[in-house]
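Trainee: Here it is: the structure, laid out below.
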Amino acid sequence: MTRLKRNLFALLQPIIAVIIGLLAGAIAIVLLGDSVIDTYAEMWNGAFGSFYFLTNTLTRATPIILTGLGVALAFRAGFFNMGSTGQMVLGGLAAAITALYLPGPGWMVLVVSLVVGMAIGGLWSLFAGYMDAKFGINLLISTLLLNYIASLFAGYMVAFPLKDQSGSAAMAQTPMIDKSIWLPKLFSGMSLHAGFILAIVAAIALYIFIQKSVSGYEIRMLGNNPFFAAYGGVKRGRMMVVAMLTSGALAGLAGAGEVLGTQHRYLDGALASADYGWSGIMATLLASSNPLGTAVAGILLAALQTGAMGVERNTNVPLEVASVIQAVLTLFVSARFGYAFLKRRKEKK
Amino acid sequence: MDQLFDVSLFNSMLRIVTPILLAALGGAICARVGLFNVGLEGLVLVGAFSAILGNHLLGNVWLAILFAIVCVMLFSLIFAYISINLRANVIVVGISMNFLAAGLTTFCLRAIFDVKGAYYDKNMMGLPKWDIPVIKDIPVLGGIVSGHSPLVYLAFFAAILMQIYLFKTVSGFRLRAAGENPVAAQSLGIPVRRIQYGAVLMSGVLCGLAGAQLSLGQVTMFTEGMTAGRGFIALVATMLGQSNPIGVVASSLLFGFMDAFSIRLQGFALPAQFTQMLPYIVTLVAMFFFKDRSYLKDAQRANGSSR
């Protein structure tokens, strides 16, 4: 019973956060001199209005959920992995290269590409973890810097060695991946692809891993109280390897899924400029690093973004209203961390 | 080699280093009071936008800088309130501040100027270039040091001022005490919270100036996310400089130099992607040699665990 209550309470806070975010958005809309109700109605329609829009939203949610899950695991262990963008970019690039050049039957190449994408994303993330564990280089900073390096490297790869020479393409992108290697669509004519199922499975698996397994317990312990964890014999370095590798692998999977499911090629800047990585971090913060909550928050953020596109199509309110709502949401959430802390202190007294 | 290293390279280095240095000084003063300000990037971004907005509304560069400072101070108050009063995790607050800054500036860019991506007005006045009377006639030195926007000189002046303030004045001593051991400082009657607020506001002022230099210094324009990680590089500069103003100057100069150098290298038929990578790689490598020894660790400990 108390457990149910606790879960409900955990759900209540994000709902309050959403209401506050929408209020902030409403203020912005009023300042622009538009109707709040009309705008939000358009936003709802743009996100969930029809089956087509719903699948669009879920497609957008897929990479957000996957990167969010990766970050959630790292946060749980107390590691601020800010590098999901870079891990995602490299994962997507690696998957594209594998899909383009590996011979074999389509389904096998598809699986191998996904695995390679995960491996490269994981190794890139592990590199930052290794530098922290071995040389004491602040993980937060190194992962941020690695984002820029990864994006620029991928940009170079598709601008020169891998550039699509066919067609009139002046774009920096790889050639189109063969149709047999695409992630299958879930509904014909809709953008939603099998990556969404992978994301949901990953969310459930990660939830079980964190809540039920020994390593999951050690990771939570490390995040909640590093000193107690050290006393209990948890090796920070080993945990960091596990957490960062998995975290990066999930981000890499997000990139690979985007490349194989949606774009069918690696297009320079397409992964980084859509801000999937940062939205994933936001989803994690919203859900206080709970994997299932991260999935819900990921869908919510995606709905805000696709809904805002509907708003832009049909009203005078710009698309950017979504970024205001998102930002206020996360700010509220970070304040909530504070309230939780205050409460704990009062209980101690 | 004289094509690679010449006067204009060092001249542009000083120009590029200014936003980084100003923001890094802001980070340093926050670190000194025990707050690890990850939100520098966002503060600078707000500064850059509000400087352009101020210039647009008020039609005067100096008022625009003032406007930017006020805006960023207000913005940094949010950071101060949530991390000091609500005692939230500073890193999480800093990250959300960056989100908030990015969201607000793109929204306002669209709502106020009705443009997407970038705002540019060719009639808008940028910051003037100051020629320093005697120095400008000295051959090499004049070419490097003279002819910058006033904010460039202000940045280095601020560093010296901060060095003196932190290590030679009573109030600076109290500020450091508040960061080093808040509990002990409190027991001696030092108003720790007020000092922390002051430091955050001061970093707001510095980041406002950094943003103004960014958007009004060289080109008078604002582009979405124009800070492009400079706030984070400033954070690294703070750490490498051990939150010591003079050290911060040295590390900022290193990054400014690499940045200017990477622009220079683009003339040498190297792929632009690799030259653009250079500052980030050098930053990463620099972190191997200079670890954050004391201050940020203390800062993090004072805020509970690293989480």
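Using N, Cα and C of the backbone, Cβ positions are placed for all residues, glycine too.
All annotation found in TrEMBL is predicted automatically rather than curated by experts.
Found this in TrEMBL, in case it helps:
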TRANSMEM  A:7-31  transmembrane segment
TRANSMEM  A:51-75  transmembrane segment
TRANSMEM  A:82-101  transmembrane segment
TRANSMEM  A:107-127  transmembrane segment
TRANSMEM  A:139-159  transmembrane segment
TRANSMEM  A:190-210  transmembrane segment
TRANSMEM  A:292-311  transmembrane segment
TRANSMEM  A:323-342  transmembrane segment
Trainee: Could you tell me what the rest of the chain brings near the transmembrane segment (A:51-75), counting residues at least six beyond its ends with Cβ under 8 Å?
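Mentor: Here the qualifying positions are 45, 81, 84, 87-88, 125, 186-187, 190-193, 195-196, 198-200, 202-203, 206, 210, 219, 223, 243-244, 246-251, 253-255, 257-258, 261-262, 271, 276-277, 279-284, 287, 289-291, 294-295, 297-299, 301-303, 305-307, 310.
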Trainee: Which one, A:82-101, A:107-127, A:292-311, has the most C-beta pairs under 8 Å toward the transmembrane segment (A:139-159)?
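Mentor: The stretch I would name here is A:82-101.
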Trainee: In the same chain, who gets a Cβ under 8 Å from the transmembrane segment (A:292-311) while lying at least 6 residues past its ends?
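Mentor: Long-range Cβ neighbours of the transmembrane segment (A:292-311): 10-11, 14, 18, 39, 42-49, 53, 56-58, 60-61, 64-65, 68-69, 72, 199-200, 203-204, 207, 279-280, 282-284, 286, 317, 319-322, 325-326.
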